Amino acid sequence: MAREADAQMEYRAGVVEPIYRYAIWAIIVLIGCVDALWVWWIDIRIVPDLKTLLGLAVLLLINYVYVAIRQKPRIAVLAGAAAQLVAFTAVYGVLTYLAARSSFPLVDRYLSAADVSIGFDWLAQFNWIQGHPDVKWVFNLAYETGTIQIIILLILLNVFGMLERIAEFVWLFVLTLLIIIPFAWLIPAEGAWAYYGVAHLTSAYYLPDFFALRDGTMREIVMDKMTGIVQFPSFHTALALILIFAARGIRFLFPASLGFNALMIASTPAFGGHYLVDIIGGAVLVPLAILIFGWVQQGETKPRPTDVGTLNVVRE
């Protein structure tokens with residue numbers, strides 16, 4: 001019965017498998033090639049993150065063992081999905097740093113004006129949060145929960161046998177970030193912290209790298225020190241909505257995800273330095289990514305037991 005259940009799980013995992021197998025890995029390799037060519041072209045140095053490389057190797061080894069030797073689809077899919085997220089985040093992070101070196105003018109005055117036009121006073125909300133320590137503490141905590149939420153979500157989906165939902169999450173994560181990168185390159189923004197002159201009251205975590213990239217003084221990208229430097233659209237907002245979407249239909253997980261991620265979105269202006277229009281832009285990305293994902297899936301007439309976008313879950 002257990003073997004039959006696992007076989008059925010493999011089959012269900014194929015429901016959301018895109019037309020082209022290994023597409024996520026192909027995207028990762030393609031971005032890595034773009035990174036390499038761009039780095040060579042502008043003569044900048046990349047310092048690899050050895051801890052990330054080691055972690056990726058371990059995840060891929062686990063995936064291989066539970067695909068080719070032990071044939072445990074739950075473990076294989078979880079390890080493969082985690083490997084994809086780690087690898088994609090690494091090469092994509094480098095790409096955002098390279099894009100930040102663009103000479104396109106900053107668009108902060110337009111983003112700020114857009115906030116004003118819809119009645120949002122960024123400084124007023126920032127100052128209000130600064131004056132309420134309890135709210136500030138809660139928002140700060142909520143803003144930092146993205147990574148741990150991803151880990152918990154993937155583990156719980158795996159426990160529930162919802163392997164297709166894991167694949168869906170990875171695809172929406174990747175698609176959303178792919179949509180963001182042209183904005184990061186063509187319409188860069190320094191963010192509300194810098195624009196309103198309150199960076200000294202915040203962590204200002206991305207500003208040193210952002211400005212060093214803009215003025216050309218950063219001659220090497222140290223991967224284990226990279227941080228999120230894209231302001232518009234807000235990926236924090238997009239990630240919150242993806243997490244909520246991935247938890248849909250799960251009785252206890254969905255309301256918890258909804259609550260945590262509502263707080264994370266609310267914390268984004270003050271603790272991410274985002275304008276309100278950044279948040280709106282990030283929110284728009286998610287339904288767009290879902291539509292693209294659904295469009296890709298239309299090419300399949302029936303599910304097939306495949307690799308859930310990772311390595312093969314069944315031998316061929």
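Each Cβ is built from the backbone N, Cα and C atoms, and glycine gets one as well.
TrEMBL entries are annotated by machine, without manual review.
TrEMBL lists 19-41 (among others) with the feature transmembrane segment.
The transmembrane segment annotation in TrEMBL covers 53-69 (among others).
Residues annotated as transmembrane segment in TrEMBL: 75-98 (among others).
When pLDDT is averaged over the domain 'Inositolphosphotransferase Aur1/Ipt1' (110-291), the result is 95. The domain 'Inositolphosphotransferase Aur1/Ipt1' feature in TrEMBL is assigned to 110-291.
Same-chain residues lying 6 or more positions outside the transmembrane segment (141-162) and placing a CB less than 8 Å from one of its CB atoms are 5, 9, 12, 74, 77-78, 81-82, 85, 169, 236, 239-240, 243, 246-247, 250, 253, 257, 260-261, 263-264, 266-268, 271-272. Annotation comment: TrEMBL describes 141-162 (among others) as transmembrane segment.
The transmembrane segment annotation in TrEMBL covers 169-187 (among others).
Within the chain carrying the transmembrane segment (193-213), a Cβ under 8 angstroms from the stretch's Cβ atoms is held by residues 97, 100-101, 108-109, 112, 122-123, 126, 130, 225-229, 270-271, 273, all 6 or more beyond its ends. If you look up TrEMBL, you'll see 193-213 (among others) marked as transmembrane segment.
Under the heading transmembrane segment, TrEMBL lists 234-254 (among others).
The transmembrane segment annotation in TrEMBL covers 274-296 (among others).
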